[in-house]
Amino acid sequence: MPTIKSPLLIAIISLLAAMITIQSGASIAKQLFPLVGPGGTVALRISLSALILMLIFRPWRARLSWPQWRSMCIYGASLGGMQLSFYFAIERIPLGIGVALEFSGPLLLALLSSKRKKDLIWVALAILGIVFLLPDMNGVDALDPIGVALALIAGGFWAGYIWFGQRAGSVGSGGMTVSIGMLVAAVIYFPIATQLAEASIFSWSILPMALLVAVMSSALPYSLEMVALSRLSTQHFSVLMSLEPAIAAMAGLAILGETLQWSQWLAIFMIITASMGSTLSAAKSPTKVTQE
């Protein structure tokens, strides 16, 4: 019995640690905004992350065909666009709400891929959750509409990241794919992000915190996810990943002091439930084998 449960326990702990790490990294990144702005934070994160991942996975060993390069470029563009739009979103809205809204992208992708009519239940629940996130857009507690729009755009990029990441994944290991994708993202978005950054982006005093963000947002959580993926089925991995909006909300509360209304916590729970329901429903497809 211990030989069965121990790998599963290690996988669950690794995945939870990955989510906590990446959302804590986002909270720390938000503290860089007053110094270098969201654009500067993105520029530092993608460039340092690309460097770290290149040193770890040595992507120059890959031999890519033209179709693979095309998928890789779109994958990298989606990865960078997701980070840029998300960081500008959480400049205006709380981290937990930003992640919950961003989650609409992969959730919609999963639901659009489904042929089951009963999955419309999860669509309705996700939409209801988003409605609860946006109470009175003219009231005292109204969310910034630009921040909301940017979070939804980030969700669209996230869906593209998943879609094209699956196609780019034929390059080899997942580490090779993400390292090349991050390099592409840096090449595309670093010039754009630096134009949107504060002048202090090139200050050496910023580097330690920026390096911490890069490690917590890429190398460390990615390594932990690889540990989890080697021990979990895709279904279990996706269900656990559905907890990320709640973890983001708690990270925002603990590190940034961002408090949410009860209706917004309920909305996050609805979106998590919709994501879990969609994942479990997809796992019942007769074309998939989930038992070993």
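Just so you know, glycine gets a Cβ as well, placed from its N, Cα and C.
All annotation found in TrEMBL is predicted automatically rather than curated by experts.
On a predicted model such as this, the values are computed, not experimentally measured, just so you know.
The transmembrane segment annotation in TrEMBL covers 35-57, 69-89, 95-113, 120-140, 146-164, 171-192, 204-224, 236-256, 262-283. Annotation comment: TrEMBL describes 146-276 as domain 'EamA'.
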The domain 'EamA' (146-276): mean pLDDT? 81
When counting C-beta pairs under 8 angstroms to the transmembrane segment (35-57), the leading stretch of 95-113, 171-192, 204-224 is 171-192
Find the member of 69-89, 171-192, 204-224 that has more C-beta pairs under 8 Å to the transmembrane segment (95-113) than any other listed stretch. 69-89
Winner by Cβ pairs under 8 Å against the transmembrane segment (171-192), considering only 69-89, 146-164, 236-256: 69-89
Long-range Cβ contacts under 8 Å made by the transmembrane segment (204-224), restricted to residues 6 or more beyond its ends, are 14-15, 17-19, 21-22, 24-26, 28-29, 31-32, 35-36, 41, 44-45, 48-49, 52-53, 56, 175, 178, 182
Tell me the residue counts in helix, strand and coil for the domain 'EamA' (146-276), as DSSP assigns them. 114 helix, 0 strand, 17 coil
